Amino acid sequence: MFFMSTVTVTVPATTANIGPGFDCIGAALTLYNQFTFTEQPEADTDLRITVTGTEAHRVSGDRTNLLYQAFTHLYDHLNKTPPKIAIDIKLGVPLARGLGSSATAIIGGLVGANELAGQPLSTAEIMELAIAIEGHPDNVVPALLGNCQLSVGEAENWEICQIPWHSDIIPVVAIPDFELSTEEARAVLPKTLSYGDAIFNIARMGLLIRALESGNEQWLNKAMADKLHQPYRQGLIEGYEFVQASALKAGAYGMVISGAGPTLLALTHPEKIQSVEKAMKNAWTQLEIVADVRSLSIDTQGANVNAH
């Protein structure tokens, strides 16, 4: 069996929930982190991590690094000793912004380790390990597989369904210059929910799937509403209602919190991209908040491996 000594794994950012699909729907976006793993059997140390990118100084360079923890987790799963490794990280996905940066690290570490170990695990097995590490599937599944994915199941029994995404639906992300941790965003959620709120989301979840597939503007506008998590989280994001109103006025189908936030995701028609981008950026500018606003596409490849 041929073992590669160097492998590069490119993993897309993801946007999770898309309104009513709390903890079960996510889509891969054309924004990436890149991880290069090089075995160094003669090195003096077991681990060397180099990070480049605008937030490189915030990424751990030791064994606490999530990427390395995922990397070693796969070897532990195989009952093998991890190799001495040099890891080069190129950051393109903002940290703690609701765009699945942790999922890129988990998928990157697992896929990189699997490649260097000789591909002993299937994609499905890697996915199960990733879900177990992350605790929920909505980011790691599309990060691994690409496209928009619905994940249903528990423990090691998962059914994954790709949701078709109509070409007339363009994601626009507004990434503010402040952070919101997933832990903080989950802490504000209630312990119990009413039947009415559950039914509200069940109905819109079904409509969301059909709206994404068909591109029906009216359906999409109604389907992006939610009562399970967004009403409790939007207070953590300064300017949420103002940015949302501005996006809708500019022609967006709807706007939601991307993952746990604070990034806001608008979906719009291709002809409205510029007006929606401008409206969302101007709204936050009026509140003296700097935001990176850009349109993206749906990534269809997922984690991409290049051995060299």
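Just so it is clear, glycine is given a Cβ too, placed from its N, Cα and C backbone atoms.
Going by Swiss-Prot, these are the annotated features:
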BINDING   Pro94, Leu95, Ala96, Arg97, Gly98, Leu99, Gly100, Ser101, Ser102, Ala103, Thr104  ATP binding site
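Other Cβ atoms within 10 Å of the Cβ of Pro94 (ATP binding site), summed over all protein chains shown, number 21.
Around Thr104 (ATP binding site), the same-chain residues six or more apart in sequence whose CB sits under 8 Å from its CB are Val11, Pro12, Ala13, Tyr32, Asn33, Val93, Ala143, listed in sequence order. Taking the centroid of the Cβ atoms of Pro94, Leu95, Ala96, Arg97, Gly98, Leu99, Gly100, Ser101, Ser102, Ala103, Thr104 as the ATP site, the other same-chain residues with Cβ within 8 Å of it are Ala13, Val93, Gly259. Neighbours of Ser102 (ATP binding site), defined as other CB atoms within 10 A of its CB across all chains, total 21.
For Ala96 (ATP binding site), the Cβ neighbour count at a 10 Å cut-off comes to 19, with all displayed protein chains included.
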